[in-house]
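Data first, discussion second: the structure below is written as structure tokens.
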Amino acid sequence: MEDYPCDVIRNFSIIAHIDHGKSTLADRLLEVIPLFLKNVSMTKKEQQLTGTINKKVSGGKNEQVLDKLKVERERGITAQTARYAIANFVHPNIRELMFISMIHKFNGKDYLLNLIDTPGHVDFAWEVSRSLAACQGAVLLVDASQGVQAQSISVFHNAKERGLKIIPVLNKIDLPASQPERIAAQMQSTFGIDPSEILHISAKTGKGVDAVLAAIIDRIPPPVASADSPLKAFLFDSMYDKYRGVISLVSVQGGVLRKGDKIASCYTRKKYEITELGIMYPEEIPTKSLNPGQVGYIACNMKQSSEAHIGDTIHRVGETVEPMAGFQPTKAMVFAGVYPIDNSDFPKLEESINRLTLTDRSVTVQRESSSALGQGCRLGFLGTLHMDVFRQRLEDEYDANVIITAPTVPYKLIYKDKEVLISNPTDFPDVGDMGVRVKEVQEPVVKASIIVPEEYFGDMMELCYSHRGEDLEHRYLDSGTTSARIMLNCILPLSEIVTDFFDQLKSRSSGFASFDYEDAGYRSSDLAKMVFLLNGKPVDALALIVHRSAQDAIGRQWVKKLHKVIPKQLFEVPIQAAVGKKVIARETLKAMRADVTAGLYGGHYERKMKHLENQKEGKRKMKKMGTVDLPQEAFFEILSNKK
């Protein structure tokens with residue numbers, strides 16, 4: 001590692017919207033790529049780019065090297081970070097690739113290139129931010145057939161704020177639908193990028209990828225660090241190993257890190273001894289040291305994943321350093337209760353959740369119990385996709401059958417003397433307490449960006465207004481063309497996004513719209529808690545926090561869903577949605593009735609009426625004392641079916 005000083009080190013990431021080819025470009029950078037001449041046939045010559053991984057002899061090219069999980073490949077997330085990495089006790093043969101080091105010879109000189117992976121979905125903006133903090137440059141990848149998308153814009157501005165050098169790249173130029181000149185003009189108007197600086201490549205065939213490597217070396221500045229300064233290392237990610245404990249990924253900002261060094265955390269003040277360190281090439285390669293500007297992993301007998309705080313600064317014991325600025329702990333934005341379908345499976349479910357959180361630092365866990373669903377856990381996620389991926393991993397890796405309650409967001413209750421964050425609807429105060437104890441209720445809002453073709457602009461405005469959008473504004477990205485696109489910006493409540501907003505966005509735009517959002521703080525809102533009553537008794541697991549303007553529609557929708565799934569009882573069951581003491585929707589579940597007059601024959605009709613009155617009185621008594629138990633299958637059907 002001493003042979004690679006700062007001037008031959010390049011730390012970079014690839015930022016792109018989903019399906020713009022980030023995984024494919026990473027694969028091409030990491031292997032021996034065959035040249036395609038005239039896009040017709042492959043020559044016998046092969047150009048060695050980095051040679052970090054061997055090209056497959058049979059079965060085609062390497063595909064999605066950074067994506068190890070089935071869920072990653074299915075959803076195109078491309079985020080081989082601690083959140084998605086499989087713990088070694090689950091699949092010991094699969095390693096986590098949060099960054100990869102490559103040795104590339106350029107102009108007769110060996111360069112050390114560190115590719116630091118970033119997630120490619122809107123939910124993981126925090127993960128992208130901490131990955132970019134370890135880089136000096138980024139490759140901005142844009143699909144030449146689709147153009148600039150919302151996610152690319154937000155990540156670009158994040159990178160520019162950090163002072164990163166941007167290398168613009170147009171991918172998929174080999175497609176018949178590609179329009180590189182139009183998309184280059186679009187990038188110029190959106191990002192202010194000179195079209196002459198944009199590289200044109202096809203990551204699928206390998207065309208132009210060598211120019212990307214040359215641009216990374218020529219354009220991205222080397223890290224600025226000194227071996228003589230005190231040790232300072234930036235912790236940008238972590239993973240968990242069954243035998244070695246927490247493995248921290250660090251970027252050395254100054255000094256030299258060696259095996260056996262005594263280190264300490266600026267945030268927790270805890271001390272450790274380094275037992276192993278090295279780089280990913282692409283597997284873990286132990287080294288004697290990590291020098292200034294280099295990126296690597298360290299093992300230091302750290303037992304709990306909670307001790308490795310992303311954004312923390314590591315220093316040598318006995319030395320004082322200034323912590324790196326911008327450290328912010330992760331903040332959960334979506335909460336949901338997770339319960340086993342069979343209550344006896346809760347110990348197994350809790351153990352499965354604890355194992356997954358070892359490799360997913362972004363999930364918060366808290367025990368909770370429900371009178372209807374029994375024992376469970378309240379989990380906090382970065383977004384709805386994060387929640388869906390976590391649920392799928394529970395099912396795929398641990399065969400867990402779970403019920404997930406409706407997702408909620410953290411609301412802020414302002415009292416006269418304090419502020420309280422509420423994420424569980426059952427903890428939300430009733431309507432009677434709102435005017436007396438609570439001064440104001442605030443909900444989280446986001447600044448949303450939607451990029452859509454011009455013909456769908458009206459539908460998008462209607463969608464935003466129907467979801468309580470405010471401060472709408474728009475501008476054309478590429479006016480004067482037959483397929484002009486518009487970027488729409490507005491303020492949306494986060495609670496409106498976590499329901500079915502994204503599904504409606506895609507359906508109303510025929511799949512052409514792209515969506516991105518960033519946190520915009522809290523705003524005052526007129527909210528209330530809605531409870532559902534079965535035979536006059538509330539069901540705590542179904543409580544919702546709703547806006548007053550939508551309470552009637554939501555109440556009717558949920559009452560109809562309950563009416564479909566609740567099994568019939570021996571007595572009539574009223575199903576009600578109530579806000580405070582006001583019932584806003586009702587459905588009546590008819591009772592199961594035996595034909596008590598079937599055995600009667602002849603005689604006066606009063607004989608039949610007597611039997612019917614006796615049955616009616618019995619039903620009335622049962623209704624007073626009876627209880628309605630919702631089976632777990634009914635809960636599962638209610639909460640898994642959005643319609």
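Each residue's number is its place along the chain shown, starting with 1.
Every residue gets a Cβ built from N, Cα and C, even glycine.
Counting every protein chain shown, 26 other Cβ atoms lie within 10 Å of the Cβ of Lys22 (GTP binding site). Under the heading GTP binding site, TrEMBL lists 16-23, 117-121, 171-174.
As annotated by TrEMBL, domain 'Tr-type G' applies to 7-224.
Note on Ala16 (GTP binding site): other Cβ atoms within 10 Å of its Cβ, all shown chains, come to 26.
The Cβ of Ile173 (GTP binding site) lies under 8 Å from the Cβ of Ala144, Pro180, His200, Ile201, Ser202, Lys207, Gly208, each of these being in the same chain and 6 or more residues away along the sequence.
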